[in-house]
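Scroll down for the structure; my scribbles are underneath it.
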Amino acid sequence: MTRHFLRDDDVTPVEQARILDEAARLKGERFAARPLEGPRSVALVFDKPTLRTQLSFSAGVSELGGYPVVVDGSMAQIGVRESIPDCARVLGRQVAAIVWRTFDQSRIEEMARYAGVPVVNALTDQFHPCQILADLLTITEHRGRLAGLTAAYVGDAANNMAHSYLLGFATAGMHLRVGGPNVAQADPEVVRRAHEIAATTGGSITLTDDPRAAVDAAQVVITDTWVSMGQEGESATRKGSDSPFAPYAVDADLLSYAADDAIVLHCLPAYRGFEISAEVIDGPASVVFDEAENRLHAQKALLAFLLEQS
Ligand code: NVA
């Protein structure tokens, strides 16, 4: 059976832990796994802007012995010039795996149905599961464990990062609090599934519109942009002077409610003075550049896992 990673709950808790262990090993021994030796190619397709994802997958595929083929989504026009099933079959005949950043989750699900090789979600409107693996690796490095830790994600509580934290952190057995003005708009299926997973891992999920309650004594504090890719038209209301997200900005005041030794994560790109203050993201609690580096190690382990399982 071909294994895909389209959302965070496509791996079990045991598999997630295994991927994270391998990521830590590959961070120490950069060229210890060469499943793409040959080299076999991996298609990296981007329908939205990218810096970290293109870089980390390109470097990662190379380090695994393979060859990254970057496909510009605006040239390929998947689903416009050609149907998604036709594109999936063309790509799947030529590469060992497909990594795709696109818009609606239904597009990548359709790709996975027809590709015949592992398909990896490199961000959709609904999920960003590769980022969560990097975050979990980073938290493990700084706190020595995942299960039982309390994390707060505040800001846009209904975006791709919120959904992926819900599923991915529940899988890791963490206690996650999601705080935002739009928390009621988080996908109910994802919230239900996160509760279901947490019940099996010893984790828990709390949704709140109170920013202080969200971060209260949290050991990990996380935020993300208030304007995700594709939402640029809403920038004025989301980032304006009366932004509904303003009370959730991670600044020194909000961070003072977290645990004294709390670490701060942000998937980047960050907008200082909006969802996070310069003082916090450039300060001692911030681990954002460890987090950015860990995309490389986590994704290498993920690709190795999917190729081995498929
Ligand atoms: N929520 C953000 C994440 C960027 C990595 C976006 O979708 O633009």
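Quick reminder: no glycine exception, Cβ is built from N, Cα and C everywhere.
Here's what TrEMBL has on this protein:
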- Q77, R101, H128, P129, C130, Q131, C267, L268, R295: carbamoyl phosphate binding site (BINDING)
- N160, D224, S228, M229: L-ornithine binding site (BINDING)
- 3-141: domain 'Aspartate/ornithine carbamoyltransferase carbamoyl-P binding' (DOMAIN)
- 148-306: domain 'Aspartate/ornithine carbamoyltransferase Asp/Orn-binding' (DOMAIN)
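Features per TrEMBL, on structure.
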{"residue": "Q77", "record": "carbamoyl phosphate binding site", "Cβ within 10 Å": "12"}
{"residue": "H128", "record": "carbamoyl phosphate binding site", "Cβ within 10 Å": "28"}
{"residue": "C130", "record": "carbamoyl phosphate binding site", "Cβ within 10 Å": "26"}
{"residue": "N160", "record": "L-ornithine binding site", "Cβ within 10 Å": "24"}
{"residue": "D224", "record": "L-ornithine binding site", "Cβ within 10 Å": "27"}
{"residue": "S228", "record": "L-ornithine binding site", "Cβ within 10 Å": "19"}
{"residue": "M229", "record": "L-ornithine binding site", "Cβ within 10 Å": "17"}
{"residue": "C267", "record": "carbamoyl phosphate binding site", "Cβ within 10 Å": "24"}
{"residue": "R295", "record": "carbamoyl phosphate binding site", "Cβ within 10 Å": "26"}
*Just the binding-site residues from Q77, C130, M229, R295 whose C-beta lies under 6 Å from any atom of ligand 1, please, or none if there are none.*
M229
*Of the binding-site residues listed here (N160, D224, S228, M229), which is spatially closest to H128 (carbamoyl phosphate binding site) when Cα positions are compared?*
N160
*Can you grab the distance from Q77 (carbamoyl phosphate binding site) over to M229 (L-ornithine binding site)? Cα atoms, rounded to a whole Å.*
17
_Over all pairs within N160, D224, S228, M229, the annotated L-ornithine binders, what is the largest Cα to Cα distance, rounded to whole Å?_
12
*Out of N160, D224, S228, M229, which of these binding-site residues is nearest C267 (carbamoyl phosphate binding site) by C-alpha distance?*
D224
*May I ask for the distance between S228 (L-ornithine binding site) and R295 (carbamoyl phosphate binding site), taken between their Cα atoms and rounded to an integer number of Å?*
19
*Rounded to the nearest Å, what's the C-alpha distance separating M229 (L-ornithine binding site) and R295 (carbamoyl phosphate binding site)? Just drop the number here, would you?*
19
*Starting from the Cβ centroid of N160, D224, S228, M229, the recorded L-ornithine site, name every other residue in that chain with its Cβ within 8 Å, sequence order please.*
L123, D125, H128, D156, N159, M161, T225, G230, Q231
*What is the interatomic distance between the Cα atoms of R295 (carbamoyl phosphate binding site) and N160 (L-ornithine binding site), given in whole Å?*
17
_Residue pair C130 (carbamoyl phosphate binding site), N160 (L-ornithine binding site) - Cα distance, angstrom, rounded_ = 11
*Residue counts in helix (H, G, I), strand (E, B) and coil for the domain 'Aspartate/ornithine carbamoyltransferase carbamoyl-P binding' (3-141), per DSSP?*
68 helix, 23 strand, 48 coil
*For the carbamoyl phosphate binding residues given in the record (Q77, R101, H128, P129, C130, Q131, C267, L268, R295), what is the largest pairwise C-alpha separation in angstrom?*
27
